[in-house]
Structure formats: structure tokens, C-alpha cells
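TrEMBL has this to say about the protein:
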{"type": "DOMAIN", "residues": "5-80", "note": "domain 'TECR-like N-terminal'"}
{"type": "DOMAIN", "residues": "155-308", "note": "domain '3-oxo-5-alpha-steroid 4-dehydrogenase C-terminal'"}
{"type": "TRANSMEM", "residues": "85-107", "note": "transmembrane segment"}
{"type": "TRANSMEM", "residues": "166-184", "note": "transmembrane segment"}
{"type": "TRANSMEM", "residues": "196-215", "note": "transmembrane segment"}
{"type": "TRANSMEM", "residues": "235-250", "note": "transmembrane segment"}
{"type": "TRANSMEM", "residues": "256-276", "note": "transmembrane segment"}
């Protein structure tokens with residue numbers, strides 16, 4: 001075989017950082033990252049963005065050198081992504097915070113509301129139910145993070161975790177403050193409204209979990225190859241017939257039901273923001289599916305069947 005030569009330049013200055021000689025044509029980008037890491041130990045593979053064009057997209061680990069539009073002498077560009085943190089650690093930090101922050105308000109710590117002993121618990125059963133549902137949601141997320149999720153990308157920039165934690169932790173505190181407040185009033189339609197919301201909540205949580213398991217099964221044996229997700233025998237996965245990202249559909253449904261259950265304005269605002277963000281993610285993933293798979297089902301929508 002004809003060996004390749006790989007020149008790696010800084011994406012901004014175009015200064016040559018290294019020149020790799022006698023690289024096998026079937027070498028993957030991951031292997032090139034490892035070669036680069038040997039020369040520059042501080043830039044470990046997860047921190048490297050390797051591109052064909054300075055302003056282009058990062059090449060995936062599994063891409064093979066000889067399949068790229070380059071000659072026997074390839075010029076690649078390196079960008080430092082900064083310190084990285086594993087996605088499992090990210091999710092554990094993001095989801096543990098809301099779980100414990102909510103309890104500070106639920107148990108009405110004196111430094112939160114400044115209450116005396118007469119007001120240490122709420123007279124409304126829905127407040128207890130809301131705490132159970134909120135806790136269940138985040139405990140489920142933690143369990144999925146450890147035992148279910150398989151991540152296509154191993155890490156994210158460390159700087160982003162601060163923003164993510166402010167979002168999850170901040171909203172958890174805001175919701176909990178109002179739901180557990182001494183002046184909180186229960187839903188207008190009483191038990192009927194609450195019972196309907198609880199049933200809807202549990203169905204959406206079951207659906208969300210089912211979709212995550214189905215997506216995880218697509219990447220057994222550590223495979224990172226993207227595949228088209230299809231419905232399974234589990235009825236909760238049948239939403240795949242209509243949308244590309246039913247996990248987001250169920251997630252939004254979970255927060256809509258929590259809004260109905262608590263009839264709390266901050267919860268409604270949080271639900272609206274969740275819907276906007278997840279719609280953006282769903283549209284992006286939907287476009288990726290359409291771009292990568294010519295046989296992708298044309299009738300699917302990103303997040304809402306037949307609509308959006």
C-alpha cells in the first residue's frame with residue numbers, strides 16, 4: 001500500500017503543529033488523534049477537533065484517512081476544544097442537584113421561608129405528591145445515566161457544565177419555592193385534576209424510559225454507528241411511527257402533566273422553555289437523520305406528530 005503523510009496545522013494561525021510520516025491509508029481519525037496526543041500530551045484525544053477545513057465540521061473518530069477527499073499528503077486542521085468532562089459525570093451532576101435542592105424547600109428549612117413550628121409541613125396532599133413525582137423524575141434520570149444511556153460523544157467542554165447546572169438547579173429551586181410555599185393553593189379542580197395529571201405523568205415517564213432503552217439497544221457492543229430507530233413490540237415505542245425524537249415528546253408531556261398537577265406558573269414557564277429547547281434539539285436530530293439516511297421515513301416529524 002501507499003503510505004500517507006499527514007500535516008496538522010493550527011486552525012487559526014495555519015502554523016504547522018506536526019508532520020506525520022508513513023501513516024497507513026486505513027488509519028482512522030481516532031488513530032491520528034492518538035498520534036497527535038503522543039507529540040502533544042496536554043491535548044488528549046477528547047480535547048482535539050480535527051477538521052479538513054478550518055471552518056468546517058470536526059471529523060468523526062471512525063472516519064478513514066483514505067476515504068477522505070485528500071491525496072497521499074493530507075492537510076488537517078486542529079482546534080483545541082478546551083478541558084473536557086465525560087457525559088456520564090455531566091448528567092450525574094446536573095440531575096443530582098435538583099433532587100436535593102427540591103428537598104430544601106419541601107422540608108421548609110427555616111433559612112428558606114423563616115417559618116416557626118406551626119408551618120413545618122403543608123396541609124395540601126398535592127404538595128407531597130409533587131415532591132414524589134419530582135424526585136422520581138430525577139432518580140429515573142440518574143438510573144438511566146448509569147445503566148441505560150450510550151453516548152455517541154464521550155465528553156463535553158467543562159465550561160458548559162456551569163451553564164447547564166444553573167439551568168437545572170436554578171429552575172428546581174424556583175419551582176420548589178412556589179410549590180412548597182405556605183401560601184400555595186392547590187389545583188382548581190381538586191382531585192380530578194390531580195389524578196388525571198398523575199396518570200399522564202406516569203405514562204410519559206414510562207414512555208420516555210422505553211424510548212431511551214430502545215435507543216440504547218441500537219448501540220449494543222459499544223457501536224457508535226448511527227441507525228434509524230424503529231418501533232419495537234413495546235407500545236410506548238410506537239410513537240416512532242410519527243416522530244423522530246419521541247423521548248423529547250414524552251419529556252415535554254411529563255412537564256405538562258407536572259404543570260397541571262401543581263397548577264403553578266413557574267412550572268408552566270419551565271415547561272415552555274423545555275419545549276422550545278427540545279424542539280430545537282429534535283429538529284437538529286431530524287435533519288441529521290434525513291441527511292444520513294436516504295430511506296428515512298418521510299412522514300415523521302421532529303417532535304409533535306403531524307405538526308412539528
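Each position is counted from 1, following the chain as shown.
Cβ from N, Cα, C; glycine included.
Spatially, the transmembrane segment (256-276) is adjacent to the transmembrane segment (196-215); three or more Cβ-Cβ distances between them are under 8 Å for residues at least 6 apart in sequence. When Cβ-Cβ distances under 8 Å to the transmembrane segment (166-184) are tallied for each of 85-107, 196-215, 235-250, the top count falls to 85-107. Applying DSSP to the domain 'TECR-like N-terminal' (5-80) sorts its residues as follows: 17 helix, 29 strand, 30 coil.
Note on the transmembrane segment (235-250): residues 204-208, 210-212, 214-215, 229, 278-279, 281-282, 285-286, 289, 297, 299-306 of its chain, located 6 or more positions outside it, place their CB under 8 angstroms from a CB of the stretch.
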